[in-house]
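The active site, proton donor annotation in TrEMBL covers 183. Here TrEMBL flags 33, 34, 35, 36, 37, 38, 122, 123, 124, 146, 147, 148, 149 as NAD(+) binding site. Per TrEMBL, (S)-2,3,4,5-tetrahydrodipicolinate binding site is recorded for 180, 189, 190. Feature annotation from TrEMBL assigns domain 'Dihydrodipicolinate reductase N-terminal' to 28-149. The domain 'Dihydrodipicolinate reductase C-terminal' annotation in TrEMBL covers 152-288. Annotation comment: TrEMBL describes 1-20 as region 'Disordered'.
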Ligand SMILES: NC(=O)C1=CN([C@@H]2O[C@H](COP(=O)(O)OP(=O)(O)OC[C@H]3O[C@@H](n4cnc5c(N)ncnc54)[C@H](OP(=O)(O)O)[C@@H]3O)[C@@H](O)[C@H]2O)C=CC1
Ligand SMILES: O=C(O)C1=N[C@H](C(=O)O)C[C@H](O)C1
């Protein structure tokens, strides 16, 4: 029979009050947004990875999870309480994995720099100014940042580079994404990254050519534009399609996530990649060795 959340919490608290000592070979990881959708996926993935140990858990002060064992939702006692205090949450960690919100991520990164903790950033919706600040922080610390950590999406980005070069003229480019009703940013970080990759491949500037909305008498489509459409509904995990619409034919390149496991596994690959890095800003092309492929 399934245990109630309150029972799980008590089991967890009774079981351990400290994380077990880390083996020298284990990556000691703190998770921000520990009670979020990705926070839970990450804590579960860390629990099942022999080379990783949960060493800290953060959430915002208003979160009902504060003070609970971070793995209570799994019926497991990790010995790591969820904390709103950055120093407490990061004290034992070598790396922070952060899938939260832009303001939270920026505050976490500043604490990481101060405490000598590396960072894997999955948060989307960051402004250009925030991205510039992250590049600046990466002069002092090692960071992997990517709007999508799944292997499949990053391979899709490589396919898009090739397709865009071959279809640069005569094909209208539209990026369509669909996500769950709880998503707060649009277009998705992945859709924007797809747009950037395509624009770079065909010598356009996404800032100049992106069209994010159409309504009313729009006039004919400008062939130099890249269009975006965002659908929000239900529990859609994350679908992305790039449509190259020509005359007499259409090419569609689609990636669909059916659960969030691939994001969490990608984040753990990023943690392993960072093990020998002291500074620098990297993305999943670096982690997956796709940069020059
Ligand atoms: N790069 C990738 O591969 C992926 C990226 N994402 C991105 O990750 C982010 C999180 O997604 P998801 O897990 O679905 O979102 P959730 O809303 O489920 O989780 C976000 C977590 O962060 C907490 N939080 C909210 N605001 C702040 C803040 N200001 N400071 C610190 N923590 C905060 C939330 O607390 P509370 O619930 O109490 O508000 C919650 O625990 C999004 O930007 C999403 O686009 C998602 C999947 C894959
Ligand atoms: O919020 C999500 O869920 C997701 N966000 C990321 C994005 O904005 O691209 C990655 C994935 O699509 C899921």
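Even glycines carry a Cβ here, placed using N, Cα and C.
A separation of roughly 5 Å, to the nearest angstrom, links the Cα atoms of residue 147 (NAD(+) binding site) and residue 189 ((S)-2,3,4,5-tetrahydrodipicolinate binding site). Using a 10 angstroms CA-CA radius around residue 190 ((S)-2,3,4,5-tetrahydrodipicolinate binding site), the recorded positions that qualify from 33, 124, 183 are 124.
Helix, strand and coil counts under DSSP for the domain 'Dihydrodipicolinate reductase C-terminal' (152-288) come to 50 helix, 36 strand, 51 coil. Looking only at the recorded positions 180, 183, 189, the one with its C-alpha closest to residue 149 (NAD(+) binding site) is 189. With respect to residue 122 (NAD(+) binding site), the closest of these recorded positions in Cα terms is 189, chosen from 180, 183, 189. Among the recorded positions 180, 183, 189, the residue whose Cα lies closest in space to that of residue 33 (NAD(+) binding site) is 183. Ranking the recorded positions 37, 180, 183 by the number of CB atoms within 10 A of their own CB puts 183 at the top. Residues from the binding-site residues list (35, 147, 149, 189, 190) with a C-beta closer than 6 Å to any atom of ligand 2: 147, 189, 190. With a cut-off of 8 Å between CB atoms and residues at least 6 apart in sequence, the same chain places 59, 63, 64, 65, 73, 82 near residue 35 (NAD(+) binding site), listed in sequence order. Taking residue 37 (NAD(+) binding site) as the reference point, none of the recorded positions 180, 183, 189 has a C-alpha atom within 10 Å of its C-alpha.
Long-range C-beta contacts of residue 189 ((S)-2,3,4,5-tetrahydrodipicolinate binding site), restricted to its own chain and to partners at least six residues apart, with a cutoff below 8 Å, comprise 124, 125, 126, 147, 148. With a CB cut-off of under 6 A applied against ligand 1, the binding-site residues 37, 147, 180, 190 are reduced to 37, 147. Sequence-ordered, the extra residues of this chain that approach the (S)-2,3,4,5-tetrahydrodipicolinate site, with Cβ no more than 8 Å from the Cβ center of 180, 189, 190, are 124, 147, 148, 177, 179, 183, 185, 188, 191, 238, 240. Take the CB of residue 122 (NAD(+) binding site) and look out to 10 A: across all protein chains shown you find 25 other CB atoms.
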